[in-house]
Amino acid sequence: MAKIRVYELAKELNISSKELITLLEEEFSVEVKNHMSAIEDEDANLIKELLSGKEKSEKTKEEDDEIETTAKNPIKESMNNKKSNKRDDKNEKVNTENAEDMGIITMTSDTITVKEISDKLEKSYAEVIKELMLMGVMASVNQEINFEMAEKLAAKFDMEILKEDEDEKEDLEDILKDNEEEEYLQKRSPIITVMGHVDHGKTSLLDAIRKSKVTSTEAGGITQHIGAYTVELNGEAITFLDTPGHAAFTAMRARGAQVTDIVILVVAADDGIMPQTQEAISHCKAANVPLIVAINKIDRPGANIDKVKQELTEYGLVAEDWGGDTICVPVSAHTKEGIDDLLEMILLSSEILELKANPNRKAKGTVVEAKLDKGRGPVATLLIQNGTLRVGDSIVVGSTYGRIRAMFNDKGRNIESAGPSTPVEILGLSEVPEAGDKFYQTKEEKTARGIADKRKEKIRDEYLQSTHKVSLEDLYNQIQEGTVKELGLIVKADVQGSVEALKQSLEKLSTEEVKVRVIHGGVGAINETDVTLATASNGIILGFNVRPDNNAIIASERDGVDIKTYRIIYDAIEDIKSAMVGMLEPEFKEVVIGTAEVRQVYKISSVGTIAGAYIQTGKLARNAGARVIRDGIVIFESELASLKRFKDDAKEVAQGYECGLSIEKFNDIKEGDIIECFIMEEIKKKTL
């Protein structure tokens, strides 16, 4: 049901928002928080009827009152006369005037720049900066101030600033929340990503599966644009993504998009595990996605399946026929041998995963890839993960939006609708989205546009606040906040021996409290792929006798990834040790710093009980812990609320002196009580 904001209805009825809010609460028992709150159209119509009835009775009562009212409300007449094609611009102007009359402005985020608040207050930058200076805040035009400061500043200009209520914001997940009970769910097709080393036959394998020749049309044998395909086996569909390879797979995961159900790792039988194969394994483990190994090129003379299985064990992947749980399927893209076995294994794995979705709800999913086409405008390949998408539907995609003008399947045919696990290419977006952006279907385009605008504003705010990834220097703080549970590392070195040495040494540092996990180890310079993996896994990159290339440096600065390089292995290990020592939970010990005997008690009505005490041992310190001991039994434990020497506040009072004190939240002090003062000292851990 459509809604209307309070200030808009007030303007339409020619009454103040305050009057309308009172009317809503008293006449209709509708609670609204402020003029930005939204109410149902049904309630709005009832109010209009009520007020129109009142107006008629007032007209019959006294015509002079009506003339006087009209004189007092010239806006109503001007509004009625000016309803025309220029309505949008004038509404905007009247809305602003309405807000000004009430002296209320709003802000949607936690902070606002001096420039923005000056514009909202309609004051010069100099005036606002001057007021801030008088409040003890030195700020430039582009500097941000928090809500509390903005509130005080607005009050100086006789204005009120309100933070837009979170309940009023259109939360997309709530808008699109559908019933996902078991009865609504239906089985869906598995979504497969193909990964592996270059030239190991990923595209040829996809080609063999689709039973069509596409490899020959590609430049240099490298995948240019395959996108996503759906194939069928025994009446069951399987969706394949080639995005291409693990770079885009991780880029999407870094943006929070987990689209893949199963990964097919292609390994050449005559080549074995190669650097990109290692990277692919690391990515799968980091994403916690099931993996099926397709041992390709078994028709080659030098093929050695057992050697590949042996090499896989070094990365924790033990084949099923070797007693492990990794499915390994020997295949040949050239002779089509083993293709059906591979597809059967995919379907078997998907059955175990119990993949389900609700096709009878609003669609949602992920952008696989997107581009700007000269003739067609923004084009996006979407993977529908839930619901059904139709031509004409309005969607919000990341920080862009649109209405679907046309939709094509993986074979390039024009289609009207698509269900879960279906890849489609769509036209009609306002801008080009990014791979990994999530899309949601909305009721109307206006809603989608509103959400997209809010997201753009949020992205801008996040950029200004410059949030950073994990670094060795701030690991302790992040552990304390509970944002980091383990230390993830990516190790690169000049030779494989150094990689293994570092991995073993670093993983041995793991304790019950702090876990060190080497996400990926490889030989060669630190590249952009390493930075992407670190971004997705919130990890740190360690380089031994290697340096990051230019692209990696740019990416690390952009994404806030910490890169550390060393020439001595010992230095790397010591740095990690130091970071982990900081990460360990601190231990504390109690240190009694003094005792005092209560000699006299004073009861003051406005303050409570004050004890006059004599320091027997050590000293008493303000804000230190305090125990009240009576006849050798601890009867209360808190802290010293106040400590005085004569009439003056004292930070501490030493042995042999008298003092006045009070205990936080305790008034039952009696003469003869012993006050034991203590502090908690941290015991710093020096070793793991």
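Cβ coordinates come from backbone N, Cα and C, glycine included.
A simple way to gauge crowding: the CB of G196 (GTP binding site) has 26 other CB atoms within 10 angstroms, across all the protein chains here. Reduced to three states, the DSSP call for G196 (GTP binding site) is strand. Annotation source Swiss-Prot lists GTP binding site at 196-203, 242-246, 296-299, citing sequence analysis.
Annotation comment: Swiss-Prot describes 53-62 (among others) as compositional bias 'Basic and acidic residues'.
According to Swiss-Prot, the feature compositional bias 'Basic and acidic residues' maps to 86-95 (among others).
Among the features that Swiss-Prot reports, domain 'tr-type G' is placed at 187-354.
According to Swiss-Prot, the feature region 'Disordered' maps to 53-100.
Each residue in the region 'G1' (196-203) has a pLDDT score, and their mean in this model is 78. Positions annotated as region 'G1' by Swiss-Prot, on the basis of similarity to another entry: 196-203.
The region 'G2' annotation in Swiss-Prot covers 221-225.
The region 'G3' annotation in Swiss-Prot covers 242-245.
With DSSP states grouped into helix (H, G, I), strand (E, B) and coil, the region 'G4' (296-299) comes out at 0 helix, 1 strand, 3 coil. Taken from Swiss-Prot, the feature region 'G4' applies to 296-299, supported by similarity to another entry.
Around the Cβ of D199 (GTP binding site), 15 further Cβ atoms fall within 10 Å across all displayed protein chains.
I298 (GTP binding site): 21 other CB atoms within 10 A of its CB, across all protein chains.
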